[in-house]
Amino acid sequence: MSSDADALERHIGHDEFDPVGTLALIGIYFLILLLMWLFMYFVEFLGNDLTVVGMI
Amino acid sequence: MSAYIDQFPEEAKVIRSAFYASFFALALGAAFGLIQTLHRTDFVRIIPAEMYYTVLTAHGVLMVVTFTIFFLVAIFTWAVTTSLDRGVEDIRFTWSWYGLMTLGTAFAAIAILAGFTDRTEISADVLFTFYAPLQAHPMFYVGLVLFVIGTWLAGADWFRSWWAWKQENPDKRIPLPTFMVLTTMIMWYLATLGVATSIIAFLLPWSLGLIDTVNPTLTRTLFWFWGHPVVYFWLMPAYMMWYIMLPKFSGGRLFSDPLARVVFVLFLLLSTPVGIHHQYLDPGIAEGFKFIAMTNTMFLLLPSLLTAFTVVASMEHGARQRGGEGYFGWLGALPWRDPVFTGMALAGLMFAAGGFSGMINAGMNINYLVHNSLWVPGHFHLTVGTAVALTFMAVSYYFIPQVTGRRLASKQIALVQVVMWFVGMTFMSNAMHRGGLLGMPRRTAEPEYAGFQFETAIGTVGELNAQIALGGVLLTLSTLLFIVNMSITALNDRDDDLPSNTIPEPLSGPNEAPLVLDNLKLWTAIAVVLVIFAYSLPLASIVERGGLFGPGGDAFPMFLELADSFGFALVGETLSAMVSSLLETLRTVV
Ligand code: HEM
Ligand SMILES: [Cu+2]
């Protein structure tokens, strides 16, 4: 496998590294999560009959 | 600086053998996977419906016990020897746990596969969860016990290496890969107590005819005591690969060693006291206990989210060192032509998707919507079936050359293989999730019913089935490509310029990690206390209500006469007399 240190263009140390791309991706993940919760609430939860927990 | 086989030729042999055992299980498991996929969806039915459960048991056990665990003992041995830079203490001991695991597998597999023929009474159509009253031939349980003992000894082997290393390096931090192995194994020791008790105290004596009945709620609960942490036993090796191999292959360095340690400690603490979340719908366990399990489960999301952050940040670091720019542009700078990298990255992406459905499963109330439906296999084919399985296949393209010294047969086919798995799983898993929402049951050979149609909001049942079948076929083809590529590699000629077997240093190293993180005794103690909190009351109330050996009922099928004919009966009577007098004593004491 080729991708060890040979293909590197520059070296970035701990302090110069600012993981904004990671932030962006994780932001998208949480956005999807939020939308899916909304979707679930309206379609799956309100759209189905009540689920009984405990005593009737 | 040399390949693993040159550094540790003896260890390389054991590791190789463990890889081969794991690939063999994967190949068989995939064949069964294809049969059941096509059967369920009514495209090809080559087996009678009753045989479906033999197939499904074989698929489940071979995939999630044999394939995954043989693979992980291989990479754990690699991780400990590489990171401590020392061979195992006694290679005969290493071979002996490998031998025990193999023997155990052979026992369990023979018992399961015997279900295909009428020539013998032996069978083990109990699925990988072996819930009572489903009963397997004693050979199945004995096989599982031997296998688990094998893994215990493997753990002892790694601990032994670490102790020996510590004598010589008293002031050094535990190297991260070894730290990961040790925390995982402590979790495993704790977790396997559940399944070992369930089998040795109840299910095995019951299938031998030594006791008449078991308490199904108790054995189920003991099963899940182990059944949840076992998912971390599969995942933590995959995480280990993401933490130490993914940065290597993306041209960067692990973002943070301390954070990685925190994650593994959290898994050790939280993996076990959550098993009851698999039993939200079990009667006989109070809602309050289920609620506690749910709360612990939600905490368990934390280490996975921390992993997402650390791993993605490490890839980003690699991409930026390779010249990547922008918020998303860096993604293009990653080495997508490398099957090791791409396989792992796609596995991680699928795991993120598995996180969505996992959060649904984890909620007590929402779980009711999906419980025992096809949604659940949809979920875990994303997690163990892809996040773990695809990561394992991807890193094999690195490891097999390392431990055989042979040239990888084809990097192009490897790349096609990992992408094909991803595409196949996208079809199969997505359609399974949707099918589950319509109420399609899992573990059902022929889920079509006279005078009843599943109602679909979008698409049709035919379209869902077609996607499941298409996905299953792609996955099987992908497995075939993998097996062929690996086999040719194992027989290929020597590769004299293999990359050297190194693990890059993290950006923020172990010296920034608080010392307390390496205090394994402390974490073990806390883990035990948490388990006692989570389980003592539920177990006590289950035993109080149903008794240790349950309220009665018949096993299915019965192996009693069979056991008699083996001459177990006499031993049986003596043993059961001993057990009941022991229980009497206990009762008087308590
Ligand atoms: C060739 C690829 C695969 C195919 C076609 C496949 C197909 C299937 C199907 C259709 C089911 C559901 C059967 C039912 O509930 O009626 C299933 C169940 C299952 N699969 Fe797979 N699968 C594959 C790979 C894997 C992998 C890689 C793993 C884990 C490492 C795995 C683990 C399981 C487990 C644990 C079950 C549940 C068994 C049970 O309900 O007892 N599968 N598989
Ligand atoms: Cu679980």
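Cβ from N, Cα, C; glycine included.
Record features, source TrEMBL:
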type	residues	note
TRANSMEM	B:18-38	transmembrane segment
DOMAIN	B:19-517	domain 'Cytochrome oxidase subunit I profile'
TRANSMEM	B:58-81	transmembrane segment
TRANSMEM	B:179-203	transmembrane segment
TRANSMEM	B:223-246	transmembrane segment
TRANSMEM	B:258-276	transmembrane segment
TRANSMEM	B:288-312	transmembrane segment
TRANSMEM	B:340-360	transmembrane segment
TRANSMEM	B:380-400	transmembrane segment
TRANSMEM	B:412-432	transmembrane segment
TRANSMEM	B:464-484	transmembrane segment
TRANSMEM	B:522-543	transmembrane segment
TRANSMEM	B:563-583	transmembrane segment
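Using a cut-off of 8 Å between Cβ atoms, the transmembrane segment (B:464-484) and the transmembrane segment (B:179-203) share fewer than three residue pairs, counting only pairs 6 or more apart in sequence. Outside the transmembrane segment (B:412-432), and at least 6 residues removed from its termini, the chain residues within Cβ reach (under 8 Å) are 37, 337-339, 342-343, 346, 349-350, 353, 374-375, 377-379, 381-382, 385-386, 389-390, 393-394, 397, 464-465, 467-468, 470-475, 477-479, 481-482, 484-485.
Here the transmembrane segment (B:58-81) has Cβ contacts under 8 Å with residues 4, 7-8, 11, 14-16, 18-19, 21-23, 25-26, 28-29, 32-33, 36, 87-88, 94, 97-98, 101, 105, 108-109, 112-113, 127-129, 144, 147, 151, 154, 157-158, 161-162, 177-178, 180-181, 184-185, 230, 233-234, 237, 240-241, 244, 384-385, 388-389, 392, 395, 399, 402-403 of the same chain, all six or more residues outside its ends. Looking at B:18-38, B:258-276, B:340-360, B:380-400, the range that has the most CB pairs within less than 8 A of the transmembrane segment (B:522-543) turns out to be B:258-276. Residues of the same chain lying 6 or more positions beyond the ends of the transmembrane segment (B:340-360) and with a Cβ under 8 Å from any Cβ of it are 238, 241-242, 245-246, 249-250, 301, 304, 308, 311, 315, 334, 366-367, 369-370, 375, 378-380, 382-383, 386-391, 393-395, 397-398, 414-415, 418-419, 421-422, 425, 429, 433. Contact between the transmembrane segment (B:179-203) and the transmembrane segment (B:288-312) is not supported, since fewer than 3 Cβ pairs fall under 8 Å when only residues 6 or more apart in sequence are counted.
A Cβ distance under 8 Å defines the sequence-distant neighbours of the transmembrane segment (B:380-400), meaning residues of its chain 6+ beyond its ends; these are 4, 15-16, 19, 22-23, 26, 63-64, 67-68, 71, 74-75, 78, 231, 234-235, 237-238, 241-242, 245, 249, 339-344, 346-348, 350-351, 353-354, 357-358, 406, 408, 411, 414, 417-418, 421-422, 425, 428-429, 432, 482, 485-486, 489-490.
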